[in-house]
Amino acid sequence: MKKHGVLNSEIAAVLASLGHTDTVVIADCGLPIPDGVKRIDLAVEIGKPSFLEVLQVVADDMAIEKVTLAEEVIINNAEVNKEIEQKLIEPAFEYVSHEQFKEHTKKAKAIIRTGEATPYANVILHAGVIF
């Protein structure tokens, strides 16, 4: 049995398979998930698990080079935006329109769906390298 890092076998497998610049999305419960993209659904009820809880666990286990967010989060969910900026201080940040964000999700290796039910609580994590 694994005792450190991500315990969810689907998430652990996705993270282990990532190459440089591959992407993983952590999403609220309302983000549309495109056909053909792996869905890892963690939502058990509204708010559980939270977006920030899942982000923290994944970020602790992943080399992240860049973060993409919908620009709408800045005004419509400033608290989540602030928390993301505080948790992920090393990667570069990119803000795009929500429509562009949804287009980018079509290229993700996986989308991890949380129980989060606040606006624009979604992030695209771009894999970096560990060397």
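Counting starts with 1 at the first residue shown.
Every residue, even glycine, has its Cβ placed from backbone N, Cα and C.
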* Quick one: which of His98, His104 does Swiss-Prot put in the substrate site with Asp28, Tyr120, Ala121, Asn122? => His98
* Would you please pick out, from the recorded positions His20, His98, the one with the fewest other Cβ atoms within 10 Å of its Cβ? => His20
* So how far apart do the substrate binders Asp28, His98, Tyr120, Ala121, Asn122 get, largest Cα to Cα in Å? -> 13
* Near Asp28 (substrate binding site), which residues of its chain come within a Cβ-Cβ distance under 8 Å, counting only those 6 or more away in sequence? -> Phe51, Arg113, Thr114, Glu116, Ala117, Thr118, Pro119, Tyr120, Ala121, Asn122
* Asked: How many neighbouring Cβ atoms, not counting its own, are there within 10 Å of the Cβ of Asn122 (substrate binding site)?
  -> 27
